[in-house]
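Below: the structure, in structure tokens.
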Amino acid sequence: MSTSSAAVNGNHYEQLHQGRTKMYKSKVDVVLGAQWGDEGKGKVVDMLASEVDIVCRCQGGNNAGHTVVANGTEFDFHLLPSGVVNEKCISVIGNGVVIHLPSLFDELLKNQAKGLSHLENRLIISDRAHLVFDFHQHVDGMQEAEKGGKSLGTTKKGIGPAYSSKATRNGIRVGELLGDFNLFSDKFKSIVATHVRLFPSINVDVDAELARYKDYAEKVRPYVKDTICFLHTALRNGKTILVEGANAAMLDIDFGTYPYVTSSNCSIGGVLTGLGLPPQTIGEVIGVVKAYTTRVGDGPFPTEQLNEVGDLLQTRGFEVGVTTKRKRRCGWLDIPLLKYTSLVNGYTCICITKLDILDTMAEIKVAVGYKRSNGEKLDHFPGTIAELGSIEVEYANLPGWQTSTEHIRNFKELPENAQNYVRFLESELSVPVRWVGVGKGRESIINVH
């Protein structure tokens, strides 16, 4: 090859390469739970949604529960992205979400009764999202009951069985419901037969279900689009996009405390696969960290406090699951856990929520290390629940501030010890804290920088 030909080929490569790297005029910012869920992601998304064009859900189903307080009204969302409270924002339910249509329409009706309007013009559902059927929920409950004393603490919303159907390639997607209904009927009968064979005690009235889903098809049709094309077009046109992760990093099926996890990837990888986005579209990755730690259901919890401290956190923090209504288990903030989820997710900044719940404490403990029973320090987060359940926790003791922070709106006006608590977390994680929450509403989020 001549020198001139090589130069032409080199320039051609550079032009194409630059075109690929600069094809998107905007980025996708992501909000992820950094612990076991219930960190306050919905409130953070609600705050940021006022400045973006599109808010997306990428995984999970109505096993998630997000509470948003807007204009004095409290909204509970399970399938809908929290951004729906912003009337200027388009909300997207991506291909990675599994959708129980009866629950979706119940949620739409309940929130419309609270004042949400014109959702048909600003909610888009992926045609590739899989459906959760009632028999999935029945199977979920049966599988949990079979485990007896070793139950996983599932929400029994059918999420795991629906993802199982997806993985075994006999699941049904939203787009198939809207296509030839005879083909949908055949697939539905087939998936029911499979589940009845595996679980003989479940009873499905196939004709009644098909009649119901024929009605749902027309109800959901106006909302359904190819969300992959929609999002890529939006990015090329410079539209700003925010992704609301459901559940949290420690519930991720790969990186969480398996098997006490959910059935989807609720870390950064699930954002890409659940929306059809390439890695170069990702901008800020915001980790939402509760100022202490909670989890719902079973599974190891190194910093859990089964004492008056745990009771105080549970009571002051109103720690009851939005979806399950179960009391949340409570404990101290866990730095090794947060370092691990930061490693997996690559947080570019952090939002600390519910700092005000610690207002009454004279002393606050923070987990700073794990060690084995023989005294050996761990330099990694345990990969098995057996190991995690047997470790000993090393704590740092920080002084409390014992004064209310609830009405403070400027970081420098927080008590010095409260500021020190935030800076301690920032220093330990080497990730900047951008916001601190001291109350329920979006107005209670303090911009640190």
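Sequential numbering from 1, following the chain as shown.
Any Cβ shown, glycine's included, is placed from N, Cα and C.
Just so it is clear, the model here is predicted, and its values are computed rather than measured.
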Self-check item: Per Swiss-Prot, ASP38, GLU39, GLY40, LYS41, ASN63, ALA64, GLY65, HIS66, THR155, ARG169, THR262, ARG326 bind IMP; matching candidate in ASN247, ASN307
Solution: ASN247
Quiz item: Of these binding-site residues, THR67, THR155, ASN247, which scores lowest on Cβ atoms within 10 Å?
Solution: THR67
Quiz prompt | Using Cα positions only, nearest of the recorded positions to VAL438 (GTP binding site) (ASP38, GLY65, ASN247) | solution = ASP38
Quiz item: Going by C-alpha positions, which of the recorded positions (ASP38, ARG328, LEU355) is nearest GLY65 (IMP binding site)?
Solution: ASP38
Quiz prompt | Using Cα positions only, nearest of the recorded positions to GLY37 (GTP binding site) (HIS66, THR155, ASN247, LYS325) | solution = ASN247
